[in-house]
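Undergrad: Here Swiss-Prot flags Arg60, Tyr194, Lys200, Arg324 as substrate binding site. As annotated by Swiss-Prot, Mn(2+) binding site applies to Lys200, His219, Asp258. Positions annotated as ATP binding site by Swiss-Prot, on the basis of sequence analysis: Lys200, His219, Gly237, Leu238, Ser239, Gly240, Thr241, Gly242, Lys243, Thr244, Thr245, Glu286, Arg324, Thr449.
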Amino acid sequence: MTHGRVNPDFRLEDQGITGLGTVYYNLIEPDLIQYALARGEGSLGKGGSFLVTTGKFTGRSPKDKHVVKTDSVADTIWWENNREMSPEGFDQLYTDMLAHMEGRDYFVEDLTGGSDPKHAINVRMVTELAWHGLFIRHMLRRPDREDLDDFIADFTVINCPSFQADPAKHNCRSETVIAMNFDKKLILIGGTEYAGENKKSVFTLLNYLLPEKGVMPMHCSANHAVGNPVDTAVFFGLSGTGKTTLSADPARTLIGDDEHGWSDTGTFNFEGGCYAKTISLNPEAEPEIYATTEKFGTVIENMVYDAETKDLDFEDDSLTANMRCAYPLHYISNASQAARGGHPKNIIMLTCDAFGVLPPISRLTPAQAMYHFLSGFTSKVAGTERGVTEPEPTFSTCFGAPFMPRRPEVYGNLLREKIATHGATCWLVNTGWTGGAYGTGSRMPIKATRGLLTAALDGSLADAEFRKDPNFGFQVPVDVTGVPGILLDPRRTWDDAEAYDRQAAKLVKMFSDNFEQYLPFIDEDVRAAAIS
């Protein structure tokens, strides 16, 4: 039995998926919420939001992501970073997952990834949970209803949380599995209810496909000046570094908060919504994001709330520090409906420095920008991955290693070409610690970060006096209006300057040791920009 609107020539049966219970195609938000409530998947929150918990999986499982190793991708996948799965293991996984799905009801959403029609892909999302359908309707882009009659997916994603993989049988690591088969244009997800796996699977897919078209896929947020898409800025960074918060600037138009492409015509969002962290969310500092938590259809994931009043507790991280809300882009009043911008005028690389060494903002040369892009230094922030309970310094190349199927140089060279062709001023912004390392120092004040970014984006920072950092070689402003001068010189924020020097030397060595892996693949100017 089927319900909903679908291309009559492209039902699940036409894809060889049969024997299911009722299949619900392309239900809209009210219907998905009704089914989710009736099935006991969650509770209704204030304003019609949907409150849900995801069990033991409250973050991504990057170690359980696999790519099927076939002849077509054997030479293009970065296997040191992507776990391989045999074609035979995948086929058995698919067979067993379909057998597990028999007789169960499923929800199908036909959506697109990419706001630029020239580079968009059609994605069919098949979900066991109704609220996952709601989530992915927010995250990807919705075709017009009449276009569903002719919709044919380029790739299909099947998410079955109740299915558990068998490592010996399916050639995977654990009972949780995310398996991508580029030949069969199929992604299988099992053993986890964490909704972020859905969107990141599509992101990984686009990260593989788009470089062949000369498009730079980016783990970044983006905005542009009001009424002036030419003045576009992108914000690279891992989860928890401030991409969503800092790009949601009321003085600028939001393009998107997490995943974008940079083509020959400019910047475009892959998604149709936002997936914001809500821990310590403040209505004064982030009023737009805070307001979405009481809007109809917003998915509130893994937040503690009062059972009687449905009031959310933004400070209680007993379920996870990775509490989130997912909502459509149009819930942000200053969001771009086209979700597109020009070529980036400013490129901001966000890092959460748990060592407390890096200044709050630094200007980079193009060679330094490629160096820091390939390095991807930051700290894993609590909760974004399973097992991370406090910040851990790490190097995540391209500011998103878990989502990069190709070698880092592919993305680094694309970025370098785009900067050379279109020009951009590049900045490294530390949203991490100041006055000491994690545990002794304090988090960089968001007011100061916003002030520095405003000065960078409006061009006034370019006129400031800069000094060369003795440890890292980049340019650091000496004085910026509205920002305490002591913040601009990290060494001065420490009580013990010699302790800072030791910490800085430690971080410099970490950078140097990490970058050795890229030396054979880079040009001399980038090698010269390397920290040593």
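Glycine too: its Cβ is placed from the backbone N, Cα and C atoms.
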Undergrad: Within 10 Å of Asp258 (Mn(2+) binding site), Cα to Cα, which of the binding-site residues Gly237, Ser239, Thr241, Lys243 are there?
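TA: Within 10 Å Cα-Cα: Gly237, Ser239, Lys243.
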Undergrad: When you average the Cβ positions of Lys200, His219, Asp258 for the Mn(2+) site, which other residues in that chain have a Cβ within 8 Å of that mean position?
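TA: Those within range, site residues removed, are Lys199, Phe203, Ser239, Glu259, Gly400, Phe403.
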Undergrad: Using DSSP and three states only, what is His219 (Mn(2+) binding site)?
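TA: His219 (Mn(2+) binding site) sits in a strand per DSSP.
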Undergrad: By the DSSP assignment reduced to helix, strand and coil, which category contains Tyr194 (substrate binding site)?
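TA: Tyr194 (substrate binding site) sits in coil per DSSP, no helix or strand.
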Undergrad: Around Tyr194 (substrate binding site), how many other C-beta atoms are within 10 angstroms of its C-beta?
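TA: Excluding its own Cβ, Tyr194 (substrate binding site) sees 25 Cβ atoms within 10 Å.
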Undergrad: How long is the line from the C-alpha of Lys243 (ATP binding site) to the C-alpha of Arg60 (substrate binding site), rounded to the nearest angstrom?
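TA: Between the Cα atoms of Lys243 (ATP binding site) and Arg60 (substrate binding site), the distance comes to 18 Å.
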Undergrad: Hey, how far is Arg60 (substrate binding site) from Gly237 (ATP binding site), Cα to Cα, in Å?
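TA: Answer for this pair: 16 Å between alpha carbons.
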Undergrad: Please list residues from the chain of His219 (Mn(2+) binding site) whose Cβ is under 8 angstroms from its Cβ, counting only those at least six apart in sequence.
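TA: Listed in sequence order: Phe203, Phe236, Gly237, Leu238, Asp258, Glu259, Cys398, Phe399, Gly400, Phe403.
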Undergrad: Please report the three-state DSSP label of Arg324 (substrate binding site).
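TA: Arg324 (substrate binding site) sits in a strand per DSSP.
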Undergrad: In the structure shown, which of the binding-site residues Arg60, Lys200, Lys243, Arg324 has the fewest other Cβ atoms within 10 Å?
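TA: Ranked by other Cβ atoms within 10 Å, the binding-site residues Arg60, Lys200, Lys243, Arg324 bottom out at Arg60.
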Undergrad: In sequence order, what residues of the same chain, 6+ apart, have a Cβ less than 8 Å from the Cβ of Thr245 (ATP binding site)?
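TA: Counting only residues 6 or more apart in sequence, the Cβ neighbours of Thr245 (ATP binding site) under 8 Å are Ala276, Ala285, Glu286, Ile289, Ile446.
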Undergrad: Cα distance, Ser239 (ATP binding site) to Arg324 (substrate binding site), nearest Å?
TA: 11
Undergrad: Round to the nearest Å and give the CA-to-CA distance linking Tyr194 (substrate binding site) with Ser239 (ATP binding site).
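TA: On Cα coordinates alone, these residues lie 15 Å apart.
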Undergrad: I'd like the number of other C-beta atoms within 10 A of the C-beta of Asp258 (Mn(2+) binding site), please.
TA: 27
Undergrad: Going by DSSP, is Lys200 (substrate binding site) part of a helix, a strand, or coil?
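TA: Note: Lys200 (substrate binding site) is helical by DSSP.
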Undergrad: Within 10 Å of the Cβ of Gly237 (ATP binding site), how many other Cβ atoms are there?
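TA: Gly237 (ATP binding site) is surrounded by 27 other Cβ atoms within 10 Å.
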